Amino acid sequence: MSYVLPSLPYSYNALEPFFDEETMKIHHTKHHQNYINNTNSILENTTFSSLPIEELISILNEIILEKKNALRNNAGGHINHSFFWKSLKSGTVLTNDLKIEIEKQFGTIDEFKEKFESVALNHFGSGWVWLVNQNGVLSIVSTVNQDSPLMGKLISNTYGYPIIGLDIWEHAYYLKYQNRRLDYIKSFWNVVNWEEASNRLQK
């Protein structure tokens, strides 16, 4: 089995003016595709090539391969981006259980956003920022490069089931925002798919 590029559930310009069409197209068809190509190449003729990406990521610490670090980066890139595309949608509203849980953990929605933005802005270099469910407690964490919380603490230095995630690699925003990372981070709130996030809270 080879991993394939998932189709986006919207057009490349659907998130304008916050996430621009050119960035979305390059991000999806070039960067994400490259992670998939590399993952398939690394796993070719191994017993791991038939595993769903979620299972592969969850046992990464147990895998013995010469190119394990490259697998970590590229398989992580695949699962992170697959999650990211589903996490974006214009016009959704934060309501119900997720809103209650965020307020319980962080005080207010504005305080939650401020903390998320601070973690994203102060993360050095490339990586991701996540809202995760850690055994029933919502936490904001960051991971380096293409690490995922699903890889577990031994690899990603954190853990939890992702509820929302933001790509803070420069390729995710530089065409539109250049070095204005905070503007990109703040624009994210306009395209968070809160419906998907609420569904993830229930898992």
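Quick reminder: no glycine exception, Cβ is built from N, Cα and C everywhere.
In Swiss-Prot this protein carries:
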BINDING   His27, His81, Asp167, His171  Mn(2+) binding site
Packing count at His81 (Mn(2+) binding site) (other Cβ atoms within 10 Å of its Cβ): 24
Output field, Mn(2+) shell: CB within 8 Å of site CB centroid, site His27, His81, Asp167, His171 dropped: His28, His31, His32, Phe84, Trp169, Ala172
DSSP-derived class (H/G/I helix, E/B strand, else coil) of Asp167 (Mn(2+) binding site): strand
Binding-site residues compared (His27, His171) - the one with the fewest other Cβ atoms within 10 Å: His171
